[in-house]
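Peer 1: So TrEMBL says this about it:
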type    : residues                               : note
SIGNAL  : 1-23                                   : signal peptide
BINDING : Cys138, His140, Glu174, His198, His398 : Mn(2+) binding site
DOMAIN  : 222-316                                : domain 'Peptidase M20 dimerisation'
Amino acid sequence: MAFLKWVLLIFTLHSFMPTPISSNLSLNKEALAQIPLNFLEFSKKPEIMDWMVNIRRKIHENRELGYEEFETSKLIRAELDLMGIPYKYPIAATGVVGYIGTGKPPFVALRADMDALAMEELVEWGHKSKVPGKMHACGHDAHVAMLLGAAKMLQHNQNDLQGTVVLIFQPAEEGGGGAKIMLDEGALDNVDAIFALHVTARVPIGMVASRPGPISAAMGFFEAVINGKGGHAAIPQHTVDPILAASNVIVSLQHLVSREADPLDSQVVSIAKFQGGGAFNVIPDSVTIGGTFRAFSKESFLQLRQRIEEVISKQASVQRCNATVIFDERSMYPVNSNNKELHEHFRKVAGEILGFENIIEMQPQMGGEDFAFFSESIPGLFFFLGMKETEGAVHSGHSPYFRVNEDVFPYGAALHASLATTYLLQNPTKHISPPEVSYRDEL
């Protein structure tokens, strides 16, 4: 029965794929609409579902932080080997890039991040973390499982792909800028477009959320050390108080958004760290503050960065202190912006799988996402995959009580496979002499 279903899928694909493919390719709308449904049917098979769940639980039990995903990467490569999918490794230390299809243009990429968070899991269940102080609290284990599920379906249908699907298994999304390193090392060379998903407990299962244009903000972190002169709190006239200086700095930083930014241009400056002193009656020599800043345009982001440094330095000087401001360059993420044409493509594919009434056009969010490095380089589309259940508490990402609803896996895998397959069909290459891609299992 499984074989017959795939024969039907292949027949459907061939029914609207003239040979050779040309720029005036005419696609049968009914046949094109059937592709996502066939992928969803396949991904819901118990053996496929159980396989994805098993992979996710293995990764969940043995979670690893950014650039340390050696066992996760090893598991991914083992599964790709079993499927006969060639890949390049290592890229960005632990990253893996797989290839399915012709090895020729057009190229379309699908991305899953792999890293965990440095926090203790408080969910008691049979597959709780075996590694103290580390937890997959953002769903990256699920992202890997669903992309491998998509890879299995695409590899079954590789002879019918009109181009090449590139599988991006990315390290270090959580503040490590793994996407930037993969980009620098050539992971997206020749790639025309890229798609990625992220699970969310804020959207019901069976629904997705996205939008054209900016979907998440540019973000950065900073730290400032404000130096004064310590002494006894009873004789402050003999000190240069860095706590007072830091307090004025924090208040002044809030004016950057309330008085300098256009109210229609959303920006954030938040101080979340304040360290200074260890006694009730001693003014310290120095205070360290730190925080984050966000904006929805490159221009606003750079302006905010400049003004943060100026305000800290000059306000400290007013209080007779001096300040050193450090920006964490590796944590600087650009705006994550969805390509309008890819968003329309996503809507059509998601509508066939879930129904158009189950597609939410969301508001932009201030959270950062390093997929932005990819979407800044080539056209990209990032969307959220709902997994909220009708009952029970909802714990968002980065919570020690975060749970993944594994029932969402067939939807994620089918969306990945469908987005890539239909993109290749609808975007024949414009290259005159398309280069072939050569693979090596390990670099």
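Glycine residues also receive a Cβ, built from the backbone N, Cα and C atoms like all the rest.
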Peer 1: Cβ distance under 8 Å to His140 (Mn(2+) binding site), same chain, sequence separation 6 or more: which residues?
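Peer 2: Listed in sequence order, they are Ala112, Asp113, Met114, Asp115, Ala116, Glu173.
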Peer 1: I want the residues beyond Cys138, His140, Glu174, His198, His398 whose C-beta is within 8 angstroms of the mean position of the Mn(2+) site's C-beta atoms, in chain order.
Peer 2: Asp113, Asp115, Leu117, His136, Ala137, Gly139, Glu173, Gly397
Peer 1: Tell me the Cβ contacts of Glu174 (Mn(2+) binding site) under 8 Å, same chain only and six or more apart in sequence, or just say none.
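Peer 2: Leu65, Gly66, Asp115, Ala116, Leu117, Cys138 - these are the non-local Cβ neighbours of Glu174 (Mn(2+) binding site), listed in sequence order.
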Peer 1: Hey, which of the binding-site residues His198, His398 is the loneliest by Cβ count within 10 Å?
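Peer 2: Ranked by other Cβ atoms within 10 Å, the binding-site residues His198, His398 bottom out at His398.
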Peer 1: Which whole number is the mean pLDDT over the domain 'Peptidase M20 dimerisation' (222-316)?
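Peer 2: 97, rounded to a whole number.
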Peer 1: Please work out the helix, strand and coil residue numbers for the domain 'Peptidase M20 dimerisation' (222-316) from the DSSP assignment.
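Peer 2: Output for the domain 'Peptidase M20 dimerisation' (222-316) reads 41 helix, 31 strand, 23 coil.
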